[in-house]
Amino acid sequence: MGKSMDLVIRNGVVVFPDRVEKADIGVIDGKIVEISQEISQDGKEVIDAAGKHIFPAATDGHVHFDDPGRTEWETIKNGSQALAAGGGGVFFDMPLNSSPCTLDRVNFEKKLAIAKRDSVCDFGLWGGLCPTNLDKLEELAECGVVGFKAFSCFSGIDEFPGIDDYTAYKGMEKLKKLNLPLMVHCENDGITGKVTGLKNAQNKTGVKDYFEAHAPITEIESISRMITFAEETGCKLIIAHVSTAKGVELVTEARKRGVDISCETIGHYLILTDEDVERLGTLGKCSPPIRDAANQQKMWGKLFNGEITFISSDHSPSDPKLKEKEFMKAWGGISGCQSTLPAVLTHGYHDRKLMLTKVAALTASNVNEVFHIEGKGKIQTGFDADFAIVDLDKEYVLDADSLFYLHKVSPYVGMKFKGQVTQTIVRGRTIFQDGKITAVSGGKLITPARMS
Ligand SMILES: NC(=O)N[C@H]1NC(=O)NC1=O
Ligand SMILES: [Zn+2]
């Protein structure tokens, strides 16, 4: 007799990497130990998932939970709970907008202590690359960062300056040696800064002025430049939140030439259009901005054919007061981490017939593969028992009360969804069930496997 099961999930339809099939799942010590048509033994806990689909819990590779230091914007506690409510089991927290930013070991450790105390999800931590911390990359790598984030433009946060060309080039040289990826927020600073200045001087501060200042060319030029540095240095490059189909095309072309490159997009670029932003006002402000419907349709095409590697939320809230300004001057950032998986199910699977295996790849397995996170993101024996149990045909309208964010605002409020997360499990432990968070902490640090 083997060890008895801690958890058995019966009768669910399981979304495996290559097929969708009814199966039972057995869990011991937080890991999947058996997958079969029927597990005869009982577990200490048994979940009957009849009528439900079991996805790998989502990994959100890009969130800003703002601990420590900007906890009036968002917190790891609230953010991780919101993620769990949307079927997420893991997040990678950005080095900003926390204050101090994660630019060295000391501040990595400060954030780590808070995440261990407050996160219900497992988590990876990003390090930052700025012109001021080229000498700190090794120590951050030793800490176990999942990768490094940089901005080619103003980041919105004074303590996190954008990179100049020298920093991009030298930083990538160093990260190649450290075998860690660089993710870049790509927008051309010269054009965006100049147009923003001119617009502000003329008191033109509306939504259309913002779109002009952040026109597609600003993203496209910056992506091209970063690809050039990556091609030369051999550094693994990830383009952050690509908003334009042309941007994705550049990534695909580079990949075909042998550049080690991938890209993420964000739920809001797939679901909202520029017209929605005009309606929503500053609630829908982000950078790069949400583009037009023709571009969005092309983005879906690129998602279907595998050109986009993974989908994140770029959950980036602020103090609500910073949104109560003229469009140009308001905070750029959208709250959305509770809605990514439901949005992809609604607009991808139900509306466009995106296969469930692809949904799982885009929300869970691809991101873990890109970052060399072992044992996460797939329903497979030996992997962590991280699941999102979903009632796939259940329809609901998202109301603000059901949000776990510190500030209960999101452009997704009032939107119809089809596909409701009913339970989220991380390493065999239920952290969210039927609208309620069922854990107070328990998340652990995830670090990449690094070849020496
Ligand atoms: N600093 C920060 O969170 N910026 C994010 N907000 C946004 O809309 N795009 C970003 O990169
Ligand atoms: Zn971001």
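Even glycines carry a Cβ here, placed using N, Cα and C.
Annotated domain 'Amidohydrolase-related' per TrEMBL: 54-430, in sequence order.
DSSP assigns ASP314 (Zn(2+) 1 binding site) to coil in the three-state reduction, outside any helix or strand. The Zn(2+) 1 binding site annotation in TrEMBL covers HIS62, HIS64, LYS149, ASP314.
If you look up TrEMBL, you'll see LYS149, HIS185, HIS241 marked as Zn(2+) 2 binding site. Cβ-based neighbour count (10 Å, all protein chains) for LYS149 (Zn(2+) 1 binding site) stands at 27.
According to its DSSP assignment, LYS149 (Zn(2+) 1 binding site) is in a strand. The feature N6-carboxylysine is assigned by TrEMBL to LYS149.
Here the CA atom of HIS241 (Zn(2+) 2 binding site) lies 9 Å from the CA atom of HIS62 (Zn(2+) 1 binding site). Here the Cα atom of HIS241 (Zn(2+) 2 binding site) is found 8 Å from that of ASP314 (Zn(2+) 1 binding site).
Restricting the binding-site residues HIS64, LYS149, ASP314 to those with a CA within 10 Å of the CA of HIS185 (Zn(2+) 2 binding site) leaves LYS149, listed by sequence position. In the three-state DSSP reading, HIS62 (Zn(2+) 1 binding site) counts as strand. Long-range C-beta contacts of ASP314 (Zn(2+) 1 binding site), restricted to its own chain and to partners at least six residues apart, with a cutoff below 8 Å, comprise HIS62, VAL63, HIS64, ALA240, HIS241, ILE266, HIS268, CYS286, GLY333, ILE334, GLY336.
Among the binding-site residues HIS62, HIS64, LYS149, HIS185, the residues whose Cβ sits under 6 Å from any atom of ligand 1 are HIS64, HIS185. Take the CB of HIS62 (Zn(2+) 1 binding site) and look out to 10 A: across all protein chains shown you find 26 other CB atoms.
Cβ neighbour count for HIS64 (Zn(2+) 1 binding site): 27 (other Cβ atoms within 10 Å of its Cβ, all protein chains included).
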